[in-house]
Amino acid sequence: SKLDSANSFMNEPNSGLSKKKKKKNKKKNNGITVSPIERNQQIHLNPERMAQRKARFEETQSKRNTFNPNTSPLNEVSEDLAIDFNNSSAIVGTCLDLEKEYLRLTSAPDPSTVRPIHVLKRSLEMVINHWKQYQDYGYACDQMKSIRQDITVQCIRDSFTVQVYETHARIALEKGDHEEFNQCQSQLKVLYEEIDSNNRKEFIGYLILYYIFSQNKSDLQIFLRKLSKDDVNDEVISHALQVRSAWALKCYHKLFKLYLSAPRMAGYLMDWFLLRERIQALKVIVKSYRPTIPVTFIQKELSF
């Protein structure tokens with residue numbers, strides 16, 4: 001039948017379609033294209049090409065080893081340019097402008113466009129005052145990133161560096177900018193290992209809440225093992241640990257009570273994952289209290 005002949009044609013290994021493919025493959029093989037094995041053999045037989053390949057490989061490896069954003073705290077420049085900014089080759093800026101637009105680096109920084117630390121301190125104070133007065137996040141974020149960049153290219157790592165990242169983290173936290181807060185928090189995590197700060201415990205508590213927001217349970221467990229007894233007694237860290245416990249146990253009643261008593265800026269961080277947890281809690285309430293639930297009960301239980 002026609003159906004049987006069609007099936008036999010489709011299953012036939014030497015059909016007209018496969019013959020056409022074979023002809024195309026023969027044409028390719030007769031042309032310039034060579035197999036990877038033959039290409040490698042040609043390279044190994046040619047010493048000049050082997051030397052070029054080795055030099056290209058060593059150049060690539062040196063670029064990777066020059067700058068590693070996972071181990072170096074200078075990843076402010078990693079997005080722009082992989083330059084080796086160590087203390088022996090750090091530049092000293094000469095720019096006296098308080099305001100400077102943030103621009104990604106495409107070449108080695110020019111000292112005339114970089115502000116020294118005494119100018120950066122005045123710039124930070126100006127940004128803080130402007131933020132308090134106008135709440136212009138676009139301007140504040142741009143200026144803070146510019147200050148961070150000038151600090152990075154000059155290899156400034158002291159209490160002022162910590163202050164800059166803490167300030168930007170607070171501004172980003174208040175406006176709900178997850179990306180900038182995460183960048184600042186990642187830098188502070190490294191800086192706190194070298195430089196002491198009165199706000200270290202506060203930001204440790206924020207980091208615990210950020211792990212809850214990102215639902216990063218593995219990193220959270222590793223981080224909690226590093227906490228000392230003194231850290232656990234801190235107000236912000238203690239509150240964050242109670243939130244973690246309530247979140248892990250899905251104890252929504254306790255979780256939303258802790259939201260109402262969040263210290264300092266912990267409430268801003270809890271806002272990031274509150275809607276997600278409210279939806280889960282509402283599902284539990286609907287299953288438990290149906291067929292009718294007073295709206296006032298929902299309002300109180302979910303801390304609206």
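Along the chain as shown, residues are numbered 1 onward.
Note that Cβ sites are derived from N, Cα and C of the backbone, with glycine treated the same way.
Summarising the annotation, TrEMBL assigns compositional bias 'Polar residues' to 1-17. Residues or ranges marked as region 'Disordered' in TrEMBL: 1-39. Taken from TrEMBL, the feature compositional bias 'Basic residues' covers 18-29. For 177-304, the entry in TrEMBL reads domain 'PCI'.
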DSSP says what for the domain 'PCI' (177-304): how many helix, strand, coil residues?
96 helix, 0 strand, 32 coil
Can you work out the mean pLDDT of the predicted model over the domain 'PCI' (177-304)?
94
